Amino acid sequence: MESALTARDRVGVQDFVLLENYTSEAAFIENLRKRFKENLIYTYISSVLVSVNPYKDLEIYTKNHMERYRGVNFYEVSPHIYATSDNSYRSMRTERRDQCILISGESGAGKTEASKKILQYYAVTCPASDQVQTVKDRLLQSNPVLEAFGNAKTLRNDNSSRFGKYMDIQFDFKGAPVGGHIINYLLEKSRVVHQNHGERNFHIFYQLIEGGEEDLLRRLGLERNPQHYQYLVKGNCPKVSSINDRSDWKQVRKALTVIGFSEDEVEELMNIISSVLHLGNMQYGGDDGGSACITSDTQIKYLSRLLGVSGTVLTEALTHRKIIAKGEELMSPLNIEQASAARDALSKAVYGRTFTWLVNKINGSLAYTDESNKNSSVIGLLDIYGFEVFQYNSFEQFCINYCNEKLQQLFIELTLKSEQEEYEAEGITWEPVQYFNNKIICDLVEEKFKGIISILDEECLRPGDASDITFLEKLEDTVGSHPHFVTHKLADTKTRKLMGREEFRLLHYAGDVNYNVNGFLDKNNDLLYRNLKEVMCMSENKILTQCFDREELTDKKRPDTVRCVVLSHVSPLPNPTIVVPCAKAEFTKLHVTKILDYSELLHFNCSQVKLCVCVCVFVCALVFRYKSLCPDTWPNWQGKLPEGVSTLVKHLGYKPEEYKMGRSKIFIRFPKTLFATEDALETRKQSLATKLQAGWKGYTQKTKYQKLRRSAIRIEAWWRGILARRRAQRRRKASDTIRRFIRGFIYRHQERCPQNEYFLDYVRYAFLMNLHRNAPKNVLDKSWPTPPPALTEASEHLRKMCMQNMVWTYCKKISPEWKHQMEQKTVASELFKDKKDNYPQSVPKLFVSTRLKEINPKALQALGTEKMKYAVPVTKYDRNGYRARPRQLLLTGDSIVIVEEGKMKQRIEYGALKGISVSSLSDGVFVLHVPSTDNKQKGDVVLQSDHVIETLTKVAICGEKADNVNINQGSITFALSQGKEGVIDFTPGSELLVAKAKNGHLAVVSTQTSG
């Protein structure tokens, strides 16, 4: 219920029994209008749900909305078709009692859509399994199939149900839908052959023509134009903007597959539908004797193939009637009018029986076959077309309105009487409310021997010239005095102006309706000639063989009239437990009065307000809901419930005239009393919510703190235990180690035994760990830890292995260039280490392949193909006078070449080189000794180089003359030309000086800085 007054003013009340101005129809209409403007299309009248068709899609049917209403108390949420569905479902489960939902209303009020929403709600919210899901799919897919074959466009509704439908949804003990069953009522077969202007035939004809595949239409002999078929042009409305026949055809084909139709069954079903169209196009002509004959063989050929019958036999059956007289069968020809009527009767019979077969086929697919489960329950959905009043009302409207009268009678008996019985049971003093009981109208129609239906049957069966006019005259004679029956003859002058002479008027509960009697007798007979039945029984179409039973041919009983069929359909209608009246969004007094007249609810419930109550509530529910408003009942009432209610209403300030106490319920009289209580509850909820939140937050935080504290204490105790155990273990281990170490030290000099093995192992381990930490890091590091006596030999092996490993590692890392450098340095070391003073200065200097910045190209050209290995600038001292001359010394693979500015001055073959002499001082003077017998040489060569160590090492390596290098002390004697000899005297000094001495020798003064 709305809790705020402003909200109530804007959207109205959601239950009409809560209207303050309960006697005003204007207030009723205004409440509907307010709610409709706010897109609130549902409103309660007590437990009845009034639905107003919005003619647009509203976002109130989503899965979230379904979950909102699932399992919620009926009045806890706003009115909705889902609330009604859920209330019925929960009542079925808790009470284990079958339920029925009656959906009523005039054409276009949204009855079919309401039934769809109920099915969708059960399909989504009920428990499901693979098998249950199949049943759900078939239940949902049965709707488009039944709509295609049973719905049509009328003047009031583009998708009007032209049949009544009662669907049983069967649930197992878990509440899951496991099966279903459909009963169809009063299919409007006359629509197959005739439609009023602006109306259409059943949807399936247009869907087949618009959506059928080209190959299918070719097999059926159909064209994609409904204007070509007589049964589809009478309403002059082949297209409807709100209907997409092509899309609907696809949906129907898919639904047929889901339900379980085979391709052969669909093919045969389409054959029957197309045969009805071909029957309508059949044209008759007359012969000379006035007998009818078929003027076109094309339709007969199609019908013969589609229905699976002989064309000749079918032609005879459509133009002749079989008569049995004195045991003899005679074929009587029909005139054109009779033949056309026979053709139309066959069309209606074929379509009507096929529709019944279709419903039975759907029932077979929905049947619940598990006989072991005896605890199944049922929810029934009754969707039947509502009260109809047209400008021209015929036999069909008479049957439909009679059916609605019966439903109204049922509803009055079950709902309104039960309300009054409740007051008696509760011991509430009340005055009986007078309401219109339509039993008098039902008796007028159905009473045996005196009712309209009995008179109609009697007129159809009596011999003689019975006609619709004689039927009307007999009605005037028999029921003319009835207060709810009027004819033109019996009416007053004012009424006669509104009635035709062939009409009679019934004063129904929902309004006065004029019925035209033309066609009443023929439509009631609804006879199909015997020979036409025989032809249909011979059909090879498997569906038709089930629709037309051969036992009908041997049954001598007269076929039932429509009256019998109507009574058989109306009599077993289920007792509705929930009613959903639907209405159009036309808020006029006349239109809304139809709703009120239908349900009788406003008058009755408002009378309750006037006499006693607005709403009744169980005392336990009242105490439970409003106990928070009274300190004595909060949080729980411990005494008897009636006393708790008295305490509560006293605290709330209820006046004696505002409520009445029953045996188990309290009856509240005025809406404002209930609204004030609800508003107080809403205010109280805020404070309670705050207290509950504070209490809950405190409880949760305290619980969380206690849990954390217990966890912390447990973790601390566990961790302290671990630490204590670790310390004790370490102390035990340390004491064992010390004890074993001392014992081993005492027995250390004895042979290995259990007393000293630990000590000896520790000594070995300590040595090895010390060696690991202090092992030599390179080949030049000669340090090595002192081993214990037991490991002396092993230590020596380890040292050798370590050194070998370091050498191997060092060598592995040496590049080829560095290796060559080291080889040269090794030769230099062998030649000059500790022999020549300037050798130490040459050790850190790398040897290079040339000391020249550039070499004269002529010198390289003079070498020819010889590869130069080394080049260095030198000073050559002449043999005569020892004059110093700059030269370049080049080494090749075969010889030593002395060059002066690109000109080769002298070449000395390595093989001719006898030796090399150099002093032990730090000077750079050296002598190349050559044989004196060699005519090409003019004596030994005296040279000086700033890189004497490098130069002589290169010469020794290239010429392989390492053994011929002589290091002399004091002086060097060398050969001059013509057998003469020269001497070089070497003396240390403060500075380098090379000059000819007075004695003719070459004097060299050497310093320590040169080299």
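Backbone N, Cα and C atoms are what each Cβ position is placed from, and that goes for glycine too.
These features come from TrEMBL:
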- G105, E106, S107, G108, A109, G110, K111, T112: ATP binding site (BINDING)
- 12-549: domain 'Myosin motor' (DOMAIN)
- 821-1008: domain 'TH1' (DOMAIN)
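Of all the binding-site residues listed here (G105, G108, G110), it is G108 whose C-beta has the fewest other C-beta atoms within 10 angstroms. Counting every protein chain shown, the Cβ of K111 (ATP binding site) has 28 other Cβ atoms within 10 Å. Here the domain 'TH1' (821-1008) returns a mean pLDDT of 86 for the predicted model.
A 10 Å cutoff on Cβ-Cβ distances gives A109 (ATP binding site) a total of 24 other Cβ atoms nearby, all chains included.
Each of the binding-site residues E106, S107 was scored by how many other Cβ atoms lie within 10 Å of its Cβ, and the smallest score goes to S107. For T112 (ATP binding site), the number of other Cβ atoms no farther than 10 Å from its own Cβ, over all displayed protein chains, is 22.
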